[in-house]
Amino acid sequence: MSRQTRTVGRRIMGPQSALTDFLASHNISANQIRLDAEARRRAAAQDNQEGQGDAAQQQLLNENGDFDTPSPESDEDQPVVASTGRVTRGRSAAQATSEVERRKKEKEKHAIDKIKASKKFQKRKRDPDASDDDDDDIVRALFNERAKPLPGQMENCAICNTRFTVTPYSRNAPDGGLVCSPCGKELAKDDPAPKKKTKRASGGPVGARRQTQSRILDGTYHVGGKSLMSLCIQTLAKNIDLAEDLGDLPPKIVDKIARKLSKHRLLNPTTLSLFLKPSNQGVLVYDGAKLSADDFYRIFHSVPELKKLKVRNAIHFKDEVVEYLVDRHIVLEDLYLHGCNLISEGKWIEYLQKKGQPLRSLRVYWTDKHFTDAVLAVIPTGCPNLTRLKVCHNQAVTGEGLNHIAKIATLRHLSLDLREAIHSDVYVKLLTAIGPQLETLCLTRVPELDNTVLDALHMHCRNLKKLRITDSELMTDAGFARLFTSTWSNPGLVFLDLQKCRQLESTKPRENPDGIGLCDEGFKALMAHSGKTLQNLNVHGCRHISSKAFEEVFTADKTYENMHKMEISFCEEVTDFVVGCIFRSCPNLRELNVFGCMKVKDVRVPKGKILVGVPNARGMVIEGED
């Protein structure tokens, strides 16, 4: 055989072999499919033959009136003459008919015996002690089911006698047989109305746990049943397409409705109209991904008294929208934009120069490289009344921009989350200039800051209520202890977040000879200074705080009545005893997070408290019952 012949052979056999392997991998036998098809063809041919035999017999009856059935005597004496033809044809038709009937009965008997021996018959048989007549009825019913024509075969309609193709959806006639599609539609009109399926309760244990975790992340979880207001908001969110107006609901309720719709991605150009009343002074959009530039134009046009604008996922809030806002007679006092990457640096400068006079709060998130140092340089002169500035996830602001922020004498709240590495001396200069009047300071993800920043806080900040310093890799326990000493003139903090202030050492992660991060002394000092006033404490990831320090802070003679939420996840020394001491010393504590605390195993949670993150089979949330 030549190479070309073998190649052609492989080309021909290759797809067939691949198809055979595919069918075999799915437990499908191609040979069995072929055998079943041939059996159906033979059954159809046999039915056609029987039909032709019946037709021939009927034709003979019509021609002669009756068969010529000779007597046995004449059958022996009288020869069969081919020329007459009538006797020969009658005898042959009778013999063929009887042979067909005999084969049909044998086939039917064989099928019934096979049905009686099948498992399906035993399942359909309800009463084992039933009579033989009942068994025969069951067998007959199963036989009739199998005797139905297969889909794709031709059949006569039992009502109108029309020839039609059998499908899996062909209906049964009341007296047996199948009906065609038009007759089936007529029969369907007389059928009773179908019963509506009862809706099963969605969720189950897994879904309920997931919803609980979602409410905890949203800050809306509470122990006990839902309030009437929450149920109403939930019902409104499910039927928001039927709502025409929100009426005169309080702004707090409207804000909750907006949050609920945004969570379920239901805020679109249609539902946005519910929040656009001419008398409103604030529009809060928590998910503007489905809104276009025309929708933002509609906001400014429909709410002429707009003073507060908050838009998250503002992907279509671009230069054209800012230009439209500048041309309108709208005086914004609070501007919150998230994800507005299409606003150029020039438009930011133009807006702050022309509309920055009444601006009191400016919060910008995820602006990448368009909110730059040049934009911050305009704020000290263009926004003389600015008290709150928040710049998060920014890649363009550098130390020069912080020098411009230091010139804003009216600033009370400052939050920075920058991607550029900035030296600690720049932050020290910033705190020296505006630290005395700051009430809120958030420095997120600042691995390059050291103890000089903590010393500047201790020296210049005297009115802080909220402090956040996260992901520090250079601040030490001694620096935190100096910050929170009794000589700090700042009153007790209300909110403190020092998460992930710890040593990062992959070779020896649990050894900390230099005391990097928040450790025992710093933790004891901060609780001694602000423990009585703290409402929210976060020391997530500060793994060098020992269990001894926790036990010393939360002893039986110390009470922290204002503490509502505490985050001590991934503090490895936290045990069941430490958690019990925390619940005892914080009687008003609502939520305690202990993710990653593997020594917490079987703690007793007081009634009404929430313990989140216990690594056991009961789930991530345990609501106390004791």
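Cβ atoms are placed via backbone N, Cα and C, with glycine included.
Here's what TrEMBL has on this protein:
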- 46-62: compositional bias 'Polar residues' (COMPBIAS)
- 99-116: compositional bias 'Basic and acidic residues' (COMPBIAS)
- 151-189: domain 'DNA repair protein rhp7 treble clef' (DOMAIN)
- 38-137: region 'Disordered' (REGION)
- 187-210: region 'Disordered' (REGION)
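Mean pLDDT for the domain 'DNA repair protein rhp7 treble clef' (151-189) in the predicted structure: 85.
Mapped onto DSSP classes, the compositional bias 'Basic and acidic residues' (99-116) shows 18 helix, 0 strand, 0 coil. Across the domain 'DNA repair protein rhp7 treble clef' (151-189), DSSP assigns 9 helix, 8 strand, 22 coil.
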